[in-house]
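One structure is given below, encoded as structure tokens.
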Amino acid sequence: MASVINPVASSIKTPRNISSLYLSHSKVSPSYVQLKTRSLVSNATRLAFSPLPESKEPPVKLCFSGEPLRFSGWSQLIRRRSAVDFPVSSAAAADAEGRDIEFSDGNAKTSKSFGDKFPVLVTGFFFFMWYFLNVIFNILNKKVYNYFPYPYFVSVVHLLVGVVYCLISWGFGLPKRAPINKELLSLLTPVAFCHALGHVMSNVSFAAVAVSFTHTIKALEPFFNASASQFILGHQIPLSLWLSLAPVVIGVSMASLTELSFNWTGFISAMISNIAFTYRSIYSKKAMTGMDSTNVYAYISIIALLFCIPPAVIIEGPKLMQYGFQDAIAKVGLVKFLSDLFWIGMFYHLYNQLATNTLERVAPLTHAVGNVLKRVFVIGFSIVVFGNRISTQTGIGTAIAIAGVAMYSMIKANIEEEKRKAALASSTS
């Protein structure tokens, strides 16, 4: 067969056969389908997208004018060599990322999530919920100790509720459970032990003294962290950090000397808690893994629960069986007693999880300042709710200690940021 010669431009309304046409390999417009002429020697006698019957008649010599062609019954125009992107690839990508897809004039547009549009509001919500749950936990926890003074058992309840929550979340795949092996278990066990010890001792202090005083003593935790880094790990601590810790030590000392609820059990327990959480930080750095923070915290909670059960049974078990449970139920009733235990466990787990989620959203400096402000909120609300009387010297000492912690946190965060930038610059150079 001969190729098309002496083309004559003709407008086609209802073509009988289109054996000399084929789809262009270039991108196809959603408004126009691209066709171009081809040698009639070709055996491609159909359109690639429409199985038309093969022609037995001699081919018709065709050519196209610059005018668009219309096929009857089709809603699309066929025009030569125009091209736009099909929205399929962008729509598929958006669907894979879980974003909403909007179509406008044949194009796909991925709509941003609420968090992408308003990141400040979302971060503010995380901070608010972190503070709110922490304050509610401390207040409800202290109210439980007022009629059920068994901190070892209550510590077990805190972790038990959190572990059940994690197991249910894993069951629904929110998040998907990360596998654990013997090596990872050996790394997480020291972290979990220190977590259990610090948690139990904090609760012993909460049960023995005012919540505000326990949090004032726990403001010394940065001092223990710096001491451990300098004298145990061998890290050089800058002089500016040590100087920022001086107000913390002075403020806690002033508050302790005139604290009306002071007793040695509460004071020593809070100090042991500071030491335990310091070692938890040390072991956590050694146990850095690729596992996400939610799964790590879940495994730590499970292992810590196993450490907390034996002392609770040995120290408080006989008392609880003889009169502890009976006295609590007689004072508030069985339903309230069980609901209080459940909610303090739930609030404990959620505020710790939200603290981790907030840290992932903001810079270390912002999180450090937020952590200091959280302690201020807890101390202030506990004084208002429980009506704790504090002396003027205790109030001044608490304020000085909190200011010192704020200075320390900001200086440390700036130092860490400078180290990160220096490491990044050296890796790119």
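Using the three backbone atoms N, Cα and C, a Cβ is placed for every residue, glycine included.
Sequence annotations record features per position, and here TrEMBL assigns domain 'Sugar phosphate transporter' to 122-409.
Feature annotation from TrEMBL assigns transmembrane segment to 118-140 (among others). Listed as Cβ neighbours of the transmembrane segment (118-140) (distance under 8 Å, sequence separation of 6 or more from its ends, same chain) are residues 206, 211, 215, 340, 343-344, 347-348, 350-351, 354-355, 357-358, 361-362, 370, 373-374, 377-378, 381-382, 385-386.
Annotation source TrEMBL lists transmembrane segment at 152-172 (among others).
Summarising the annotation, TrEMBL assigns transmembrane segment to 239-258 (among others). Sequence-remote contacts of a segment are chain residues at least 6 beyond its ends whose Cβ falls under 8 Å from one of its Cβ atoms, and for the transmembrane segment (239-258) they are 213, 216-217, 219-220, 222-223, 226, 267, 391, 393-394, 396-405, 407-408, 411-412, 415.
Per TrEMBL, transmembrane segment is recorded for 264-283 (among others).
The transmembrane segment annotation in TrEMBL covers 295-314 (among others). Sequence-distant neighbours of the transmembrane segment (295-314) (same chain, 6+ residues past either end, Cβ-Cβ under 8 Å): 152-153, 155-156, 159-160, 162-163, 166, 169-170, 175, 177-178, 180, 185, 188-189, 191-193, 195-197, 199-200, 289, 349, 352-353, 356.
Marked as transmembrane segment by TrEMBL: 334-351 (among others). For the transmembrane segment (334-351), the list of distant contacts is 130, 133-134, 136-137, 140-141, 143-144, 148, 154, 157-162, 165-166, 301, 328: same-chain residues at least six beyond its ends, Cβ to Cβ under 8 Å.
The transmembrane segment feature in TrEMBL is assigned to 372-388 (among others).
The transmembrane segment annotation in TrEMBL covers 394-411 (among others). Beyond the transmembrane segment (394-411), the same-chain residues lying 6 or more positions past its ends with a Cβ under 8 Å from any Cβ of the stretch are 212-213, 216, 219-220, 222, 226, 238, 240-241, 244-260, 365, 368-369, 371-372, 375-376, 379.
Packing against the transmembrane segment (264-283) from elsewhere in the chain are residues 190-191, 194-195, 197-199, 201-202, 204-205, 208-209, 213-214, 217-218, 220-221, 224-225, 227-228, 232-233, 256: each is 6 or more residues past its ends and has a CB under 8 Å from a CB in it. Beyond the transmembrane segment (152-172), the same-chain residues lying 6 or more positions past its ends with a Cβ under 8 Å from any Cβ of the stretch are 141, 144-145, 196, 199-200, 203-204, 207, 298, 301-302, 304-305, 308-309, 311-312, 315-316, 320, 324, 341-342, 344-346, 348-349, 352. The predicted model assigns the domain 'Sugar phosphate transporter' (122-409) a mean pLDDT of 88.
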